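What TrEMBL records for this protein:
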type     : residues : note
COMPBIAS : 285-302  : compositional bias 'Polar residues'
REGION   : 281-302  : region 'Disordered'
TRANSMEM : 27-46    : transmembrane segment
TRANSMEM : 58-78    : transmembrane segment
TRANSMEM : 128-154  : transmembrane segment
TRANSMEM : 166-183  : transmembrane segment
TRANSMEM : 195-212  : transmembrane segment
TRANSMEM : 232-252  : transmembrane segment
Amino acid sequence: MGCCSVTAPDLALRAATSRFLKPGPFVAFKGLFVAYFLIWCFLWPLDYTSMYLFATYWVWYTGTAYFALSFATACAHFRRWSAATQARAPDNGSAGGGSDRPGPSWSNLTGDVSTPALRTRIHPLEQAVLAIQLFTWNVACLGSLFVAIIYWSSLYTGTPITSVDMNAHTLIAFVMVADQMLVATPFRIRDMWKAEVFAITYLVYSLLWYFLEQELIYVILDWDRHFWEAFSYSVAGIFVLIPATSVLHYYIFRLRESIYATCRQRAEASSGVLNDRLLSAEDGGSSTQSESVTSHVPQTGTDLAAIETV
């Protein structure tokens, strides 16, 4: 099953989970940025030549859409995960004879071997949401770096820094890197076509805006007086800078997977040792030792499918 197919249940699961956070904290992380992005969408003055403003914030709006969708899918997974955890609760606690032996650790480092999220297929509506989420994620990851590089290298004129500069031209790039380091979604260089389609769409929009309204969106896109300069910026941005940012995000993704693999290996090794010690403690009737050992069992996570090696 291809990991990049939007119909793959394992991809749907990974898009709704984190490599390192339990579902609850992961939902909180997504919710925090949904609120932050939406607040600035409304705080920025929408009456300031609204179409012009809209044209300058495309990546911010895309990031807002991504966090809203990923928040929704994370919430849906959290609900399923919570129900499964409660259903297993009678089997995971102390059983007959007052044994202190704990149930298994359902963490994203040791794996959840019994999860309702391991499905053979997903609903068509969920497929559509997943496809849009992955598209907006890719555009926000690459577009945020693209905008930051272009703005600070070619457009910033030394004027006082505004909230737009700090958020739409800077902060979003760091937010998407942080998101890349936490999510379980696989990143593929070949998916940069999504950001390129987005950039080409924006380029067409800028052309139409300029020739219909006679107003520049950005000085580097002056198609009348500096056609070849605008053309060069456009070609270099779409076919050089976007691939470069894609490679950068790919290596951030590989770093995340490397850290995750190391943490998982250590957690599994530690869990195996702890289980042996717990069995010995239980056989010897030493509940005190059992309690001491179990206090160090990792408790951080979600599902086995979410930890499949990329």
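Glycine is no exception: its Cβ is also placed from the backbone N, Cα and C atoms.
In this chain, the transmembrane segment (166-183) lies in contact with the transmembrane segment (27-46); the count of Cβ pairs under 8 Å, excluding pairs fewer than 6 apart in sequence, is at least 3.
Panel annotation: around the transmembrane segment (232-252), residues 141-142, 145-146, 149-150, 154, 177, 180-181, 187-189, 191-192, 195-196, 199-200, 203, 220-221 of the same chain, lying at least six beyond its termini, place a Cβ under 8 Å from a Cβ of the stretch.
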